[in-house]
Amino acid sequence: MARTTPIERYRNIGIVAHVDAGKTTTTERVLFYTGMSHKIGEVHDGAATTDWMVQEQERGITITSAAVTTFWRGMEAQFAEHRINIIDTPGHVDFTIEVERSLRVLDGAVVVFCGSSGVEPQSETVWRQADKYHVPRLVFVNKMDRAGADFDRVINQIRNRLGATCVPIQLNIGAEENFKGVIDLIKMKAINWSETDQGMTFTYEDIPANLAAKAAEMHEYLVEAAAEASDELMNKYLEEGELSEVEIKTALRQRTINNEIVLATCGSAFKNKGVQAVLDAVVDFLPAPIDVPAITGIDESENEVKRPPDDNAPFAALAFKIATDPFVGTLTFIRVYSGVLESGAGVYNSVKQKRERVGRIVQMHANDRTELKEVRAGDIAAAIGLKDVTTGDTLCDNNHRVILERMDFPEPVITIAVEPRSKADQDKMGIALQKLAAEDPSFKVETDEESAQTLISGMGELHLDIIVDRMRREFGVECNVGKPQVAYRETIRSKVEVEGKFVRQSGGRGQFGHVWLRIEPLEEGAGYEFVNEIVGGVVPREFIPAVDKGIQEQMKNGVLAGYPVLDVRVSLFDGSYHDVDSNEMAFKIAGSMGFKKGALEATPVLLEPCMKVEVTTPEDYMGDVVGDLNRRRGIIEGMDDGIAGVKLVHAVVPLSEMFGYATDLRSASQGRASYSMEFLKYTDAPQNIAKAIIESRN
């Protein structure tokens, strides 16, 4: 079966934004104009096509990013048919993991901002994630019909708060209830979408007289931005004072793909104005899979290899999302980087080092699907029938094994205990939690050794609320939920060398394990590193993994207060063994004892998670808000002016002090202040607090 759409006509894009910028409505309009959905689903009615989990329809927020394939030929049918794969991503801060995961497999993104609230804290997070993965992007300033909408202000915020070179390619005609349409600053024409057919048709008109001067000035800025793409264009522009439409578009495309500029459009998805032009901009300015650098990976001999977007290259794909579907079981969403995968074919999971077989391949339209015979380089689809695949695993050709870079996922910061309500719920709960953890790497499940309680940990209270909710709905598990607990951690601050010795020799077969360990702190976020420095076989090779295992078990159980130890390097540099009495168990215990003893000598400290908190409050309550944050051991990092006399307070506050903050803030401000928080970093807990926690845990 040959390729139906040439790869240069593919666009793999994400629609990203913070909560309530109108991203899902925008995606809905995209599906409508591309002819895939015949009746527009409204988020207000709980009927949007991409929000297909019941909780999303109730809460009006998007939780799982559904991948949707659509086709577009342009507003004036000016293009050959392009295939646009859209990944709708959640904007709530507890789901940043989903956003991170989507950006990893996209070639470009459309970032949606609200015309009245502009750049919000969550927008900054998303923007930083897109920077990290070098994702070229376009901006769509939505909700231009809302009270307080101001295109220029949002553009300035993007320039100042996000540090981006933002080049508008449109200008709004009117705003708030007078929002009429947009001016195309490349063609220098006004676009007027029809109100009678939901914006399916439009007319070009002359630019309104009152906007002519401003449009001319913005057109000039845009052409200058295009001219900077090359010396030849700049010379032509300086000589002739103008560039052709094709030259402008080609140059802006090149600079967008190089992440030098960000083009901005505006409109109102809800009022059916502007989304069609965003689709044209996606085709005109965002990259096809062949326009971005080939993905690099590591082969079996640890050499770096590239996988070009080519059907003839060996097959390589990344699993970026696992979803459980009540009808077909597990769906593994994959982005194919190179080669071809046929349904029914075998693949190799290079991270788990296992061979698997793909049963069927389906292409998802928000909530229905078409079966495919095969997928090729550049495709995004879902595979059915894979047994043991986790988010971030690489699937590849068994004869050309490669590991594409893994995604790094943040440590969870909040833990709650869950108990099944009845014996029948007990078994179901285990299965449900296992499935949910496979879907979401930022969610962890463990059993507390002492209390035998099941503990679930995640990125915030909303994250865990939704997990508990999904257990009830999708798996029919009723459970009681405990009070949230802070996920403290431990680490060390100095370097030590320490002996770990486990000897039991009293007649018959004994136990003998003896190691010398060097334990030292690593920088924050580095994780655990084990170094084998044994020379001359003083500890036999077959016992070394056991030492590593013993150390890791002790790290998991902590040394101060039973919390996991982070960011240490342990080097095994000496030891001894007994011909008869040494075995794996003895060396495992020796490693564990050595680590515990050493960590207690290496200035151990208790770490607490600190959150980046941003409070939006009317000026009258500013004093109370700041005073309250100080009382919660918060460090105020700065204050900004928002719109209409509203102040923004930026602070860093320990998570343990933030429980119940929503209620306190509401009552302190009569419900007029709001806040958002996200995990920032682990820091040393103050001595008095650490002491109290350690005492209560021991």
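Each Cβ is built from the backbone N, Cα and C atoms, and glycine gets one as well.
The GTP binding site annotation in Swiss-Prot covers 17-24, 88-92, 142-145, and the record cites sequence analysis as its basis. Among the features that Swiss-Prot reports, domain 'tr-type G' is placed at 8-290.
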Chain-internal residues near Met144 (GTP binding site), provided their CB is under 8 angstroms and they sit 6+ positions away: Gly115, Phe151, Asn172, Ala175, Phe179, Cys266, Gly267, Ser268, Lys273, Gly274
Rounded mean pLDDT for the residues that make up the domain 'tr-type G' (8-290): 82
Three-state secondary structure, Ala17 (GTP binding site) (per DSSP): strand
Three-state secondary structure, Met144 (GTP binding site) (per DSSP): coil
Neighbour tally for Ala17 (GTP binding site), based on other Cβ positions within 10 Å of its Cβ: 29
